[in-house]
Amino acid sequence: MLYELLAADSGLFNLLNYITFRTGAAVVTAFLVTVLFGDMLINFLRARQGKGQPIRDLSLEMQLSKQGTPTMGGFLIWLGLIVGVALWGNLQNPYVWVTLFVTFSYAILGFLDDYAKVTKQSTDGVSAGARLIAGFGIAALACAIIMGLHGAHTPAGHAEWGPFNPLAEWIAGFAPQTSVEPADPNFSGGVAVPFVNNYFLPLGGFFILFGMIVIVGAANAVNFTDGLDGLAIVPMTFAAAAYAMIAYLTGNFVFASYLGIQFAPGAGELAVLLGALIGSGMGFLWYNAYPAKVFMGDTGSLGLGGMLGVVAVATKHEFALVVIGGLFVIEAVSVLTQIGWFKITKRLTGEGKRIFLMAPLHHHFQKKNWPETRVVVRFWILSVLFALAGLATLKLR
C-alpha cells in the first residue's frame, strides 16, 4: 500500500524503492502487530473453544497438561503477515499474490481440520484423503500460474502449454517486465539442477506435477513438525530468512549473474512477504514458547509449509528446500519410514516392527526421556545450521 502511494516520491520516501528496507519494515510491523493483538486473540479463541484442542494420549511426560490450550493460533500469524505485506509489499506483484493464494488456501484447509477437531472434541479432523486432494488441486493451479509467469521471460515461449497456450500468454501479461532473457530456454518448464550454473532439466508440463509434490510435501512436513511448544515456528522463521535472501538474490540481475543462478524478474518482492512472515513468526513465538499459551494448529502449519513450498517453486530453488528445510524433511521421513517399515514387517512376519520409539522424530526423543525443552532447542540449533548450509550451496557451482 505505502509502496504504491509513496515510492515515486523523492526524498525520504525513496527508501520504499529498496526491497531491503521494506523487508526490514515488514519484519518489525508484523512482529508488533502479532505481539500487541496476541492476548486479545488468544482470549477470544479460549472463550470460543472451551476445552481447546483435544490431546491424544501418547504416554509422554507433561503431555496431558496441555489439555485446554486453545488452537488455531495460526490466525495470529496471518494477522501480522497481512498487515506487514499490506503496508510494505508491492501489491501489483503477481508472485506475491500467487504465494498468498496458496498460503491462505492451505490455512483454510487447516482451519477446517482444526474446527472439526474442536467441535467434535476428537483428534480426528478432516480425512487425510480429502486434504491431499484439495492440497494438490491448489498446488496445481499455483504451479500453472508460476509456469505462465516464468514463460513470459522464456525465449521458447509457452510451447509446453499446447492448446492452452492462450491461457499461458494471458498469465504472462501479468509478469514483471524485463529486457533480460533467461540464460536457459527451459526456464519456464524446467527444474534447476543443483550446483550447475543456469541449467534447467526440461520437464515441460510435468513441471506442474513436480511443483505440486514440492508444495504439498512442504505443507505436510511442517505439519508433522508442529508437535511441541515452539518447535515448528522457529525453524520456519530460519527457513523463511534463507528464502528471503534467495528471493532477493534471484530477483536482482547483478547478484544472480554473479552467483550463477537464474534471474527471475519480480521474485525479489517475495523477500518482503517472507519478512512479514519472520516478524509474525517471532511474535507468535512470544505466546507459543514453552509453556505455550496457544497452538498454531493446522491453521498455521499447513499455510506455513505451503508458503515455503510455493516460494521454492517461484524462485526455482526447489532442491534447496531439502537442505534449508532439512528439519522438516527429517520429521516427515521419520513418519513415512515408520509407517512403511511397520506395514512391510507386518506383511512379512505377521508382526509390525518400528524403527523409532515413536514418530515423528521429536516424540522418539521424548520417549528416550529427553525434556521437551531440550528436544525443541536442539532441533532449533539443527534448523539454523540447515538454513545456513542451504544458503552456502548458492556459491557451490
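Placed from the backbone N, Cα and C atoms, the Cβ positions cover glycine too.
Residues annotated as transmembrane segment in Swiss-Prot: 25-45, 71-91, 96-116, 132-152, 199-219, 230-250, 266-286, 294-314, 319-339, 375-395.
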Interface check, the transmembrane segment (199-219) with the transmembrane segment (132-152), three or more C-beta pairs under 8 A: yes
Close approaches to the transmembrane segment (25-45) from elsewhere in its chain (Cβ under 8 angstroms; 6 or more beyond its ends): 70-73, 75-77, 79-81, 83-85, 87-89, 272-273, 275-280, 282-284, 286-287, 293-294
Feature contact check the transmembrane segment (294-314) with the transmembrane segment (71-91), CB under 8 Å, 3 or more pairs: yes
Proximity verdict for the transmembrane segment (319-339) and the transmembrane segment (230-250), three or more C-beta pairs under 8 Å: yes
Cβ contacts the transmembrane segment (294-314)/the transmembrane segment (266-286), at least three under 8 Å, sequence gap 6 or more: yes
Positions on the same chain near the transmembrane segment (230-250), where near means CB under 8 A and six or more residues out: 19-20, 23, 77, 222, 256, 259, 261-264, 267-271, 274-275, 277-278, 281-282, 284-285, 288-290, 292, 296, 300-301, 304, 308, 311-312, 314-317, 320, 324-325, 327-328, 362, 375-376, 379-380, 383-384, 386-388, 390-391, 394
